[in-house]
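First comes the structure, then the notes that go with it.
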Amino acid sequence: MASAALSPSSFLGPLSLRHGPHGPHGPRSLRHPRLQVRADQATLPVLSFSGDRVGSASLDLRSAPPSTARAVVHRALLTDQQNSRRGTASTLTRGEVRGGGRKPYQQKKTGRARRGSQRTPLRPGGGVIFGPKPRDWSIKINRKEKRLAISTALSSAASAADAFVVEDFSHQFQAAPRTKDFVAALRRWGLDPSHKAILLMTDLPRNVWLSARNIGTLKMLTPRTLNLFDILDARKLVFTRSALDYLNDMYGNNNVDSDDYDDDESEENEALPDQQADAVPEGGEGESSDGTS
């Protein structure tokens, strides 16, 4: 996959968002296709804080084949964006608008159109016909499909030479935060501060965060905040050693067997009777949810 594919517009632009007669996800037989995965291994350069290449590291992630990669990533991206909608838009109908109980003028003998209320939708200040009401816009996506979309986007960036690894540099800012030194480090790594980039770290020290928070084009992400949109929106991806190990463990080829992607969703949520009997609540054995025994 080329580096040009790493942008949200490339996934949302050519595709029409108009739904066909079968709904937003196509015909019923294609709504939950059987996921196909493959293993892509990429070698990433490892740079020191001074910008020198000190070695290489491998990124071995599961990714969708080229024939279905765009569809999987598009579905996950569309789900994230739609689930972020608050859905709080609300308008008042003519029955909810205050006032309008008195007939403004008599029915006949005025030469004007008959009017029963000042809050009719035909007048300014009246109710709204078929206006928006609070609703839930969220849609569902399978957990394994979303993880496959993230690993596919990461593999695409790695194969396009848009990603590299840096050694741990948190000790460089242990004394005090300094944005000027952080920008200089970005330039030594070959990053343009005017271009969007993300830095994935498993642990984000406070001084490092303070040094980079004023750089509007750089996003500091942790495994908890890693999301598909930022991966696609960034031009360069920077990982630390610990973050690279996390990606290989979380999205790597050895994490989930290939047969798990063929299981039905209902089988995924089933628990054995023995497991259900041995389950213990979070509060501990003999302890209620409010902490009292």
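Numbers here mean position along the shown chain, with the first residue as 1.
Using the three backbone atoms N, Cα and C, a Cβ is placed for every residue, glycine included.
Remember, predicted model here, so these are calculated numbers, not experimental data.
Annotation comment: TrEMBL describes 1-17 as compositional bias 'Low complexity'.
Summarising the annotation, TrEMBL assigns region 'Disordered' to 1-31 (among others).
The annotation compositional bias 'Polar residues' is assigned in TrEMBL to 79-93. Distant neighbours of the compositional bias 'Polar residues' (79-93): 127-129, 131-141, 146, 227-229; these residues of the same chain sit at least 6 beyond its ends, with a Cβ under 8 Å from one of its Cβ atoms.
Secondary structure of the region 'Disordered' (79-129), assigned with DSSP and counted as helix (H, G, I), strand (E, B) and coil, comes to 5 helix, 0 strand, 46 coil. TrEMBL lists 79-129 (among others) with the feature region 'Disordered'.
The compositional bias 'Basic residues' feature in TrEMBL is assigned to 105-117.
TrEMBL lists 255-293 (among others) with the feature region 'Disordered'.
The annotation compositional bias 'Acidic residues' is assigned in TrEMBL to 257-271 (among others).
Taken from TrEMBL, the feature compositional bias 'Acidic residues' covers 284-293 (among others).
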